[in-house]
Amino acid sequence: MTGEDFWLLLQYILPFFIILLPAYGMARTKILTQDHALGLNRWTSLVGVPIYVGHMVATNDPYQTNLRLVGADALQKIVVLLIALVWWRFSKRATIDGVITFFMLSTLSNMVLVGPALFRPLHGTASDVSIATIILLQCVLWYNLCIAMFEIRNVMNEMGGKDNETLKNESANTEEPHPSALPGLPLWSSTESSVLPTNKDARSLKRSISAPTRVSFSTSRIVPLFNFDQVEEDSSSKDGTINKPKDIQITFDIPGGVVTKTIENTQIIQIETPETAAQRQPTRAELSRFTYVKIVAFKVVNRVKYAPLLYTSSIGFIYSLFAFKYNWTMPYTIITPIEMIAKGAIAISVVTMALTWSQSGKLVSCGYKRMFYGWFIRFIVGPVIMVITSLAFGLKGISFEFSVLQAALPVGLVSFVLAKEYKLDVEVFSTAVITQLVIFLPIVVVYFFILQVVE
């Protein structure tokens, strides 16, 4: 790389900072507020970036795709995921949150924003097809894989997929009364004569009702499930403490008015309706593996179907298959507004990054230790694994340079968007997006010189 090449590279990269720094200043001086950020983020995620990606994919020849590059990129993701899963399996400190964070930081580069600005000065327009290939893989496969992992994380948390130590701590901090005794007991409406029995009433009812019995109410809110065997037992809990009887106020809606009755010295019993039983989140132990997979798959599909990046990149790819085979040309009245939106999307994305940066109030919101951890994963772990997988697929020359350098780009903005949506290490990803964008250029130049010497 000559001095002229380096200056050309700076000319492509500097516009990002010319937009980023004034936008940050306007956000700090309240010229741009978080209300503006909400609108800009929505436009960028739903309109700007999807159209930009679709346009880039549609205007590059898919028949020139380097399948070895595709294989090396896929193998890198698989190797990283396997490393993270092995760490999760054998390390007591590992969590699924750490697995997702490690995968996203080490594999998902910011190809959409800085890819063209970096590779066009280095490799010219010959790299456009490779850029479009990496972006297509990210939009169709890797972002959706991350969404799947996020949904698995949510399902595990909802179904009690926490470690035993966490569960012990939570149970130690939980008071003894049954959940039905918590504040906010529901008011019951019924057209039938129904009373929550005391201990004495329960014994008399047991003679004519075989326990357990469901008593139907006209409302769909509750149906008491009486466990008379438990009622007859001493009110002492297993640990020797006494569960004191409570007074319960019950409201009945009847024709002509409302009747309120207070039942004193009432034993709290378990209450459940068929509807609430169906809505109650089952534990993982109650589910078969097939059912568990079905729940995760449903949540993933339900989330992915609203991802505009998937649709625009897929449509752009399908269009390119026909356009480059039959020499189609998009009409001027259609391609011009698409290009205008695509160019604006990059600038507005940089502005939203500045607003996110200013919101934290400081550059390093996650702490220096976690920031350096993100740098190490992004600029060391990812490229080293990509070197190994690229050699495994026999990449050489410009293709090998491209595969390694794209792995050393800063982490992608979409990673931060997903992390913020699923509330996972938001400060880590916001810090990584900004700081890595600032420092990546000298790191990439060092990698470029090393690759030149090696070859």
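Cβ atoms are placed via backbone N, Cα and C, with glycine included.
What TrEMBL lists as transmembrane segment is 6-27 (among others). Counting only same-chain residues 6+ beyond the ends of the transmembrane segment (6-27), those with a CB under 8 A from a CB of the stretch are 33, 37, 113-114, 116-118, 120-122, 347, 350-351, 353-355, 357-359, 437-438, 441, 445.
The transmembrane segment feature in TrEMBL is assigned to 39-57 (among others).
For 69-88 (among others), the entry in TrEMBL reads transmembrane segment.
Sequence-distant contacts of the transmembrane segment (100-119), counting only residues of its own chain at least 6 positions beyond either end whose CB sits under 8 Å from a CB of the stretch, comprise 9, 12-13, 15-16, 49, 52-53, 76-77, 80-81, 83-84, 87, 127-128, 130-131, 134-135, 138, 142-143, 146, 149-150, 153, 346, 349-350, 374, 377-378, 381-382, 385, 402, 405-415, 418-419, 424-425, 428-429, 432-433, 436-437, 440, 444. Here TrEMBL flags 100-119 (among others) as transmembrane segment.
According to TrEMBL, the transmembrane segment annotation covers 131-152 (among others).
According to TrEMBL, the feature region 'Disordered' maps to 163-185.
Distant neighbours of the transmembrane segment (309-328): 49-51, 53-63, 135-136, 139-140, 143-144, 414; these residues of the same chain sit at least 6 beyond its ends, with a Cβ under 8 Å from one of its Cβ atoms. Residues annotated as transmembrane segment in TrEMBL: 309-328 (among others).
With a threshold of 8 Å between CB atoms, the same-chain residues lying at least 6 positions outside the transmembrane segment (334-355) that come near it are 16, 19-21, 23-24, 26-27, 32, 34, 36-37, 40-41, 43-44, 47-49, 51-52, 55-56, 112-113, 413, 433-434, 437. Per TrEMBL, the feature transmembrane segment maps to 334-355 (among others).
A Cβ distance under 8 Å defines the sequence-distant neighbours of the transmembrane segment (375-394), meaning residues of its chain 6+ beyond its ends; these are 68-69, 71-73, 75-76, 79-80, 102, 105-107, 109, 400, 403-404, 407-408, 410-411, 432, 435-436, 439-440, 443, 447. Residues or ranges marked as transmembrane segment in TrEMBL: 375-394 (among others).
Marked as transmembrane segment by TrEMBL: 400-419 (among others).
Tertiary neighbourhood of the transmembrane segment (426-450): same-chain residues 1, 6, 9-10, 13, 16-17, 20, 101, 104-105, 110, 114, 118, 122, 353, 356-357, 360, 363-366, 370-371, 374-375, 378-379, 383, 401, 404-405, 408-413, 415-416, 419-420, selected by CB-CB distance under 8 Å and a gap of 6+ residues from either end. The transmembrane segment feature in TrEMBL is assigned to 426-450 (among others).
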